[in-house]
């Protein structure tokens, strides 16, 4: 029974599972630094962070187990083809580094909060955070560049061309979707992550000036590269919307993915430009210098700040647009019904499926972007509206993450128990003996997939 349950669970692994870490993790970050702070919210953030860590460890272990079993049953080449060349799976590897970044950001916040209380522990934690950040950056680059190359290299003819006259037309009709952004958004996320700690006091005590400068430069290069790449893909997706129209009901929540680079990009550029100003103020003092040097020392950092503010507001403006379009698209399916072929159940747009998770992280990034704009510039110009918007986006993100988490736990517990029972009965029948494998076409396993199918989003 236990073996059947484990094998059934192993078969359900998909890189998309790390989306749960993203949603719960960013919720913990939002609660920790909520626009209207409260002690009980800080306590809730610790709980959400613990849940995010547990999910990350569990999914990581499941991924390793899935890899071992898959290679044992088939081969590494088939694993590579299925999970790195097949666009139903490879795009979702981007959720892994983004989920890890939410954990890194929370650990960085804890390190900064304990700078005076426990300097030694805070310093050691910051070093650990910095090492994790470099690991995450490496993973982001491998995924963004590697998966993009595999997609561009050739078509992966898993299902053939179907009713299309060529692979080109099939690609244009089926795969020009917002999920293409999932492999590039991690670059935006990891670039903004280093901005949260690079110029902090504890980072200054743990590392020298050269490390800070190198980190700032790499952060800037990563952010610029990612934003350009993102807008190229968004332009392609706009073309798809004009040609193929909005996604079908089961995929409509993927529209929210467009909010991710907008909110996180604004958050990142605000932190980056503010860190440049802090760096100049710290290492280029205005004492004993000429008037021209003093003007440059003051003007150059503020030029970056102004560019950061304008860029952030432009990205947030697009984020508001995508928010409205996404909500209206969902509402347009309110009266539509679909019947599942496998179970015959009637599905509505509000029937829970894994696509619901696609709304959590993007809403959280919009909260971070709005709140950071308020924090940095409210001292010069009243910007309370952005604080309110950050609260609204953050509240939706946290509540939606909790809803998705509870519904996911319910679906998994129900379907896994069902799959294990059916597999056990099937293998013990007197007429047919079958070795229960994660890759055998057993009826019970197929039935369990109906509500847990991640590939419908790709």
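Even glycines carry a Cβ here, placed using N, Cα and C.
If you compare 367, 427, 448 in Swiss-Prot, the phosphoserine annotation sits on 448. Looking at 413, 423, 450, Swiss-Prot tags one of them with phosphoserine, and that residue is 450. Looking up 429, 444 in Swiss-Prot, the residue bearing an annotation of phosphoserine is 444. Membrane topology from Swiss-Prot places residue 46 and residue 81 on either side, one opposite the other. Annotation: stretch 90-110 has the most Cβ pairs under 8 Å to the transmembrane segment (12-32), among 49-69, 90-110, 177-197, 388-408. Sequence-distant contacts of the transmembrane segment (136-156) (same chain, six or more residues past either end, CB-CB distance under 8 Å): 81, 84-87, 90-91, 93-94, 96-97, 100-101, 104, 167, 171, 183-184, 186-187, 189-190, 193, 218, 222, 226, 229.
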